[in-house]
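Features reported for this protein in TrEMBL:
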- A:6-27: transmembrane segment (TRANSMEM)
- A:67-85: transmembrane segment (TRANSMEM)
- A:133-154: transmembrane segment (TRANSMEM)
- A:175-193: transmembrane segment (TRANSMEM)
- A:251-274: transmembrane segment (TRANSMEM)
- A:281-302: transmembrane segment (TRANSMEM)
- A:374-398: transmembrane segment (TRANSMEM)
- A:418-441: transmembrane segment (TRANSMEM)
- A:491-519: transmembrane segment (TRANSMEM)
- A:539-562: transmembrane segment (TRANSMEM)
Amino acid sequence: MNTELPGIIATYLLTLVIAIPLGKYLAKVFAGEQVWTDFLKPIESGIFKLSGINPKEEMNWKQHMKALLSINMVWLVYGFFVLIYQDKLPLNPDGNPGMAPDLSFNTIISFVVNCNLQHYSGESGVSYLTQHFVLMFLQFVSCATGIAAAVVLFKAFRDKTSAKLGNFWDFFVKSITRLLLPLSLVIALILAFNGTPTSYEGKDQFISVQGDTVNVSRGPAAGFIAIKHLGTNGGGWFGVNSAHPLENPSYLTAMVELIAQVIIPIAMVIAFGYFIRRKKLAWMIFGVMTIGMLLLMIPTLISELGGSPAIEKMGISQATGAMEGKEMRFGPALSAYWSTVTTIISTGSVNSMHDSTMPLTGLWQLLGMMINSFYGGCGVGILNYFIYLIIAVFISGLMVGRTPEFLGHKVEAREIKIAALVTLLSPFLILSGTAIASYVFTNNGEAAWAVQPQNWLNNPGFHGFSEMLYEMTSSNANNGSGFEGLGDNNVFWNVATGFVLILGRFLPIIAPIAIAGLLGAKKYIPESAGTLKTDTVTFSLMTFVVILVLNALSYFPALALGPLAEYFTMLK
Amino acid sequence: MKKYLLQSIRLTVVLMLLLCVIYPLMVAFGGSFFKGNGGGEKLFKNGKVAGYALIGQSFTKPEYFWGRPSAVDYNAAGSGGSNKGPSNPDYLVVVSARIDTLLKYHPYLKKADIPADMVTASGSGLDPNISEQGAIMQIKRVAANRGLTDRAVAELVVKNTVGPLLGMFGPSVVNVLKLNLALDELRK
């Protein structure tokens, strides 16, 4: 206990020490100002030349979205076929089979959209070729897609009036060369030094001390695990993700993986402020996000460190907290911290099994994913937050009786409609998805799918409902963690979450870019005494309230049926 | 749109070279200099591989320290947790049975001496570690089954306990495989 709490405080402080300068650096990179990494320019020019791209060609917001969607479509088609035919392709030392079409459909969407929901297990479900040339590749580029999209939004507010918003390929490639690749290399080497495998050798076999024959899955995992965290992807090399001792060998690597997943989301907020020359706004946003994070994390820590009430009754010592599904080398405190971080930003990597956490912890995990913008995923966190900002501007404008404005641009009916629609999209996908799943579970239990609906749930009662709610929430949030007891590798879950994933990714990217593009092209209105200021504490509070009210209204009934009901039954 | 598609395909191919060939090969090159040469650190007994330092293995014999319960029986080719929810009645029966088993083999223990990690399944099913208390509670049994003094075994436990990172951050743990290998060394 006394060494576990300092561990998480140190982790968070180190995160800030890296993330804040990184944000300032990113603002300069994307503004095209001089930075120390400019020695990489020749590599970038080479990439552009080979791809037939002119990085100086300016695009408007629609062209940006066309470029974004084109390249994502290419990845979807390419990956789908590699997954199906991986057994016939090289680099498959363990002889793993090709994927069924429904599983391939789900997996490829899941990785393209930066979610990394995994209905397969890394040890037996994919080849090394798939791991590197599809999954790890997508971990890099899906994160870069999110960052590039966010930069398009930044660009719309940098100058007074501008329909020209830079070049998508330029932002996209620079995200990789100036940020993701160099940092991943450093992180991968730290992991390798601590014992994560890097070589291409297949499974190993040995005789254990007691004489059992043991097979050990291995593979070149270190590079994969680095970008999995840095890019808020979260998909594991091994089935149990970062709980696996080779994927996350020690407390030190756990700290590194935790820091890696939070630095870009925080840096993007700082970069926003520096890029549009409104630093105070960035710090206000950062403040709201941090308070939001703490409000989810502190109760999570309390519920996990308190241990399981049921095991308490058996008279067992839970000196450090609840241990089911947790690894000894991390302990409950760091695991609780991790479960908060991985759900508020959209990583979804896990170092403990969320299905086995306490009922209230599950509640905070779900809520973190539903809000999805307390820091949020790579690039998309700030985009999600932007939607809340627009709604807050609108409501505040109505309250004080002024035309709503954001950063000198009038916010009018069209923008508000887009923001409102995308705000409603999340509850629609999550709740109707869970409702349909519950219906199928109850009324169609005998369906002849790979896992029969009646066998979907690993736990009875309210917790079982939470398993389905979690899966839909995680898909919509592009998070990728799961209550993994759910029997999800069958046609229903593969297809249903596939659609939720793709809608939950692209609409929430296109909507804020569209709003920003529309706003940016409008005439700039200089600030006056009558302007609603968005970089004040009052307005930040307003935004915070908007976030809470919207999410509470949307999700309280579902949360009451799942984790809250389980919590109260355990009190008895 | 056609222009963007063409650029997309070319850019994808170029980036693949950078991200899927050059990058992992650089990592593999770096990793080959570290412990285990990038293939995972192995531990040896009488010159033969006895296991991986980071991968827990099953210990059930009375002369060895036991590890944590595993939902996958320490199958290192397919990791997994129990994914049992905290209120699941079947799960609570299993935990209760684990407590009884421990008490049967360690009649000198009170329930409050048993730490939670010894009766709950780990996240990976391959947890190589137990808590300090989890090792201490087994000392008497192991010593009795090996004809050693409690003190000699306790000393080994202390030697194999790894404290928090920099003495400040995280839990203290005991690597079960390393401890058992050290025990076997002692017998010689």
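Backbone N, Cα and C define each Cβ position, glycine as well.
Within the chain, the transmembrane segment (A:67-85) has long-range Cβ neighbours (under 8 A, six or more residues past its boundaries) at 59, 98-99, 101, 103-105, 107-109, 111-112, 126, 129-130, 133-134, 138, 141, 145, 148-149, 168-169, 172, 506, 509. Beyond the ends of the transmembrane segment (A:133-154), by six or more residues, the same chain brings 30, 61, 64, 68, 71-72, 75, 78-79, 82-83, 108, 111-114, 116, 126, 165-166, 168, 171-173, 175-176, 179-181, 184, 223-224, 227-228, 230-233, 235, 264, 268, 271-272, 275-276, 377-380, 382-383, 386, 509, 512-513, 516-517 to within a C-beta distance below 8 angstroms of the stretch. Taking Cβ pairs closer than 8 Å, the transmembrane segment (A:6-27) reaches residues 35, 179, 251, 255, 258-259, 262-264, 266-275, 282, 333-334, 337 in its own chain, all 6 or more past its ends. Below 8 A, the CB atoms of the transmembrane segment (A:491-519) and the transmembrane segment (A:374-398) form 3+ pairs separated by six or more positions in the chain.
Tertiary neighbourhood of the transmembrane segment (A:418-441): same-chain residues 370, 372, 387-388, 390-391, 394, 447, 453-454, 456-457, 465, 468-469, 471-473, 475-477, 492-493, 496-497, 500, 503-504, 507-508, 511-512, 514-515, 550, 554-555, 558, selected by CB-CB distance under 8 Å and a gap of 6+ residues from either end.
Long-range contacts of the transmembrane segment (A:251-274) within the same chain, counting only residues at least 6 positions beyond its ends with a Cβ under 8 Å from a Cβ of the stretch, are 7, 10-11, 14-16, 18-20, 22-28, 30, 143, 147, 150, 154, 179, 183, 187, 190-191, 194, 196, 225-226, 229-232, 234, 242, 280-283, 285-286, 289, 329-330, 334, 337-338, 341-342, 345, 347, 349, 351, 375-379, 381-382.
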